[in-house]
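Visitor: Next up is a structure, given as structure tokens.
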């Protein structure tokens, strides 16, 4: 079987190479003439899959190592009997830890405590729900907006309308797919009206899709002097992004929130598992063989938000990724290369923390660290 994969996806040869002919290439360069004799295509969100790409191909199976599938024409695949699998939830831990890392970084810089803030979470799927759980473990007040989930889960008291959530939140974080149609389209859902309604000195975080926020409206309101702290991991028109907007944001990164080592392994392992099921191939790979067993140990004598911030930075300092984007954005393929050659970043569970206190250990465990 012939397999073509994005060269930035790890472990493709290790997982698929023993019984197949595997090739890798730049995901943006994948074209129709490369797919004529290919059976399996493994991609990221930068590859647009539609009739123009597949019309003359022999593709039977497509795996995308992403939660969202807005880059794939699902109707075309269904009509042509092409199996498509994605990895919803595989990057949830990584994105949530990125969001928390940015919040703790801002808290240290601006001298505030998260427990004194209200966090509004827009989109309560795999990522939004996990963020809700993590913040709750620290006693942080949260409000939720998800018109689809709230219809099914009426027990939570945190559900709010979008207008109320925006007006009552000190921190607004977005975890929605990019949609253009339906009852609640998310394209440009954060526009001038929403930005005007944000309280002064609030924090806006987007790790979903760039076009969920109208970047022109955001730049205009920042230029007018409104005080909003902005965290952007995703941008309209990636890999091109607004350099003026980058100059205003507090943290700007190259769409790497979901790029922890563990999340990337989870994603490609799920694609491999689905591939094995679909083609009835024996699954030969386990987690340990992919190098996920390494762990570090640290003991702490007390637990507060300052200690938690130090623990987070032992694993991941988000400001380094901000500096990397600012230093490389003007270079040839700078944005793409930051993603393609992203550093070896672990999740918090790779740090074993012992606070010598069962209650504190329970908090640390619920927040994502390994504990005794």
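Just so you know, glycine gets a Cβ as well, placed from its N, Cα and C.
Pulled the feature table from Swiss-Prot, pasting it below:
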| type | residues | note |
| --- | --- | --- |
| BINDING | 45, 66, 259 | substrate binding site |
| BINDING | 146, 233, 258 | NAD(+) binding site |
| ACT_SITE | 209 | active site |
| ACT_SITE | 238 | active site |
| ACT_SITE | 255 | active site, proton donor |
Visitor: For residue 233 (NAD(+) binding site), which residues of its chain lie six or more apart in sequence with Cβ-Cβ distance below 8 Å?
Guide: 98, 206, 207, 252, 253, 254, 255, 256, 257
Visitor: When you measure from the Cβ of residue 209 (active site), which residues in the chain that are at least 6 apart have a Cβ under 8 Å away?
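Guide: Non-local contacts for residue 209 (active site): 68, 70, 176, 177, 178, 186, 234.
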Visitor: If you measure from the Cα of residue 258 (NAD(+) binding site), which of the recorded positions 45, 66, 238 is the nearest?
Guide: 66
Visitor: Could you measure between residue 45 (substrate binding site) and residue 238 (active site) for me? Cα positions, answer in whole angstrom.
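Guide: Between the Cα atoms of residue 45 (substrate binding site) and residue 238 (active site), the distance comes to 11 Å.
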Visitor: What is the maximum Cα to Cα distance, in Å and rounded to a whole number, among the residues 45, 66, 259 annotated as binding substrate?
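Guide: 13 Å is the greatest Cα spacing among the residues binding substrate.
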Visitor: Rounded to the nearest Å, what's the C-alpha distance separating residue 259 (substrate binding site) and residue 146 (NAD(+) binding site)? Just drop the number here, would you?
Guide: 25
Visitor: For the residue listed as 'active site, proton donor', list the number of other Cβ atoms lying within 10 Å of its Cβ atom.
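Guide: The Cβ of the residue listed as 'active site, proton donor' has 25 Cβ neighbours within 10 Å.
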Visitor: Tell me the Cβ contacts of residue 66 (substrate binding site) under 8 Å, same chain only and six or more apart in sequence, or just say none.
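Guide: Non-local contacts for residue 66 (substrate binding site): 44, 45, 86, 87, 91, 267.
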Visitor: Cα distance, residue 238 (active site) to residue 146 (NAD(+) binding site), nearest Å?
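Guide: Pair distance, Cα basis, whole Å: 26 Å.
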Visitor: Other than 45, 66, 259, which residues of the chain come within 8 Å of the substrate site, judged by Cβ distance to the Cβ centroid of those residues?
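Guide: Once 45, 66, 259 are set aside, the remaining close residues are 44, 65, 67, 91, 255, 258, 267.
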Visitor: Fewest other C-beta atoms within 10 angstroms of its own C-beta: which of the recorded positions 146, 238 fits that?
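Guide: Looking at the recorded positions 146, 238, the Cβ with the fewest others within 10 Å is that of 238.
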Visitor: Restricting to the record's NAD(+)-binding residues (146, 233, 258), give me the longest CA-CA distance in Å as a whole number.
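Guide: Largest Cα to Cα distance for the NAD(+)-binding set is 21 Å.
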